[in-house]
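Inspection log for the structure reproduced underneath, given as structure tokens.
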Amino acid sequence: MTSPDTQTSSLYAKREPVFPKRVSGKFRSLKWWIMGVTLGIYYIAPWLRWDRGPNLPDQAILVDLANRRFFFFMIEIWPHEFYFVAGLLIMAGLGLFLFTSAAGRVWCGYACPQTVWTDLFILVERWVEGDRNARIRLLRQRWDLEKTRKYLTKWTLWLLIGLATGGAWVFYFTDAPTLLVDLLTGNAHPVAYITMATLTATTFAFGGFAREQICIYACPWPRIQAAMMDEETITVAYREWRGEPRGKLKKGEPLSPDQGDCIDCMACVNVCPMGIDIRDGQQLACITCALCIDACDEVMDKIGKPRGLIGYLALTDERAEREGRSPRSAWRHVFRLRTLIYTALWSGVGLALIVALFLRSPIDINVTPLRNPLYVTLSDGSIRNTYDVRLRNKQGEARDYQISVTSEADLALSLEGHPATVVTVPANETMTQRVYIIAGKGTPAAEAERTDLRLWVEDLAAGQRVHHDTIFNGRGN
């Protein structure tokens, strides 16, 4: 039993809404620029056209699930070439490690979709309701016509943004103009409507209401980044040695000689989209967006103090400044052993993908020997092996391919259903052709257990040849 005087505490901290104040400065301008570029690419890219010739889609970027292909301008990726996608994912991971090791959570602060869309939603919120103080007053006031009108306007605009976000996503998976007409006329596949509705709801919820909660609780990266950062990593930090002891600045009175440069104006806290105080040190919630730097620099200008009370610096630099030593240059923090290793790995994977892309053949073959039975003895005593040759024509037109065999032994080749050794494969199609290889009675290949051979496939129009090595099974006497 618990006594009436027993106090219980909850492990759950109720969320306090965060209303970032408008701020201007070089980092805010950089965030606006990155937001415009990333959103522009996301919304416009599905509408870009790229002429690939007949029998191929003309959408520049297309994930064609129906035909199991991915198009990116002049590049076409087939299902068996998924290693290109795997390579790109590896490069993305290494790039994230590189940027985090060099400059902290710059991805989170500038280019993460959660950050970009939250910035856009806050921009709409500020345009409808006003700046920070006005939004706080509106939240606290009782529901009336003005509050209802502003909230409905804001939510409607958020829903439209979410709808555009979901719509843009589905446009990447089929021809965008055609799908748009189908969506408007109700003829689109139910999956398209379900996907749009899901993304609209999640964008509306994450960008409008969850915001910083996604970064703190749902995203694993704040916890992973601890292993990527060290004392040489450049990140947003407060120069405590310069700002403390902090104190209020009264109008018309100079700062006390014993007082630090921080006047406890809370400007850095008021502009933070995460609602944290950077003066408390490094925190899991900090996304390194640097808006607190812009806000603090503006205050320092007003009170006649040098900028940089809050800035990008490494912990070793802060320690050096505290001890009166000169900090290292930013480039020496960026280009150090760890970042150079990440750069080398990233470049190596990228170079390997480029080489593989340029060396890949427009003809793809796969040869499967039939194992049951391993060979067949014909009426004249010769030995026949059977193979399934899978041909993939990656061209935009039908091609004739000639199949031949080379070996140290004397072998003959024939095709099932074709009097000649030439087969036609339609454009952008895959076809399986049964091939017979025969060794005459008493020949070395017929009597040996195994004989190496090479199957050749030649594109008669382009003169290109590819081969596949396999074996011929004999009696083994």
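Using the three backbone atoms N, Cα and C, a Cβ is placed for every residue, glycine included.
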Same topological domain name for Val18 and Ile383 in Swiss-Prot, and hence the same side of the membrane? no
Among Cys219, Cys289, Cys296, the candidate listed by Swiss-Prot alongside Cys262, Cys265, Cys268 for [4Fe-4S] cluster 1 is Cys296
Taking Cys215, Cys272 as the options, which does Swiss-Prot list with Cys286, Cys289, Cys292 at the [4Fe-4S] cluster 2 site? Cys272
Need the matching range: Swiss-Prot marks transmembrane segment on one of 190-210, 421-441, and I'd like to know which. 190-210
An 8 Å radius from the center of the Cys272, Cys286, Cys289, Cys292 Cβ atoms defines the neighbourhood of the [4Fe-4S] cluster 2 site; name the other residues of that chain inside it, in order. Gly109, Val236, Cys268, Val271, Pro273, Met274, Ile276, Ile278, Ile287, Thr288, Ala290, Leu291
Using C-alpha atoms, which one of the binding-site residues Cys262, Cys265, Cys296 comes nearest to Cys272 ([4Fe-4S] cluster 2 binding site)? Cys296
Just to confirm my parser: what is the rounded mean pLDDT across the topological domain 'Cytoplasmic' (103-154)? 94
Quick note, Cys296 ([4Fe-4S] cluster 1 binding site) and Cys289 ([4Fe-4S] cluster 2 binding site): C-alpha atoms separated, nearest Å, by 13
Of Cys286, Cys289, Cys292, which binding-site residues are close to Cys268 ([4Fe-4S] cluster 1 binding site), meaning a Cα within 10 Å of its Cα? Cys292
Can you tell which of the binding-site residues Cys286, Cys289, Cys292 lies nearest to Cys262 ([4Fe-4S] cluster 1 binding site) in space, using Cα positions? Cys292
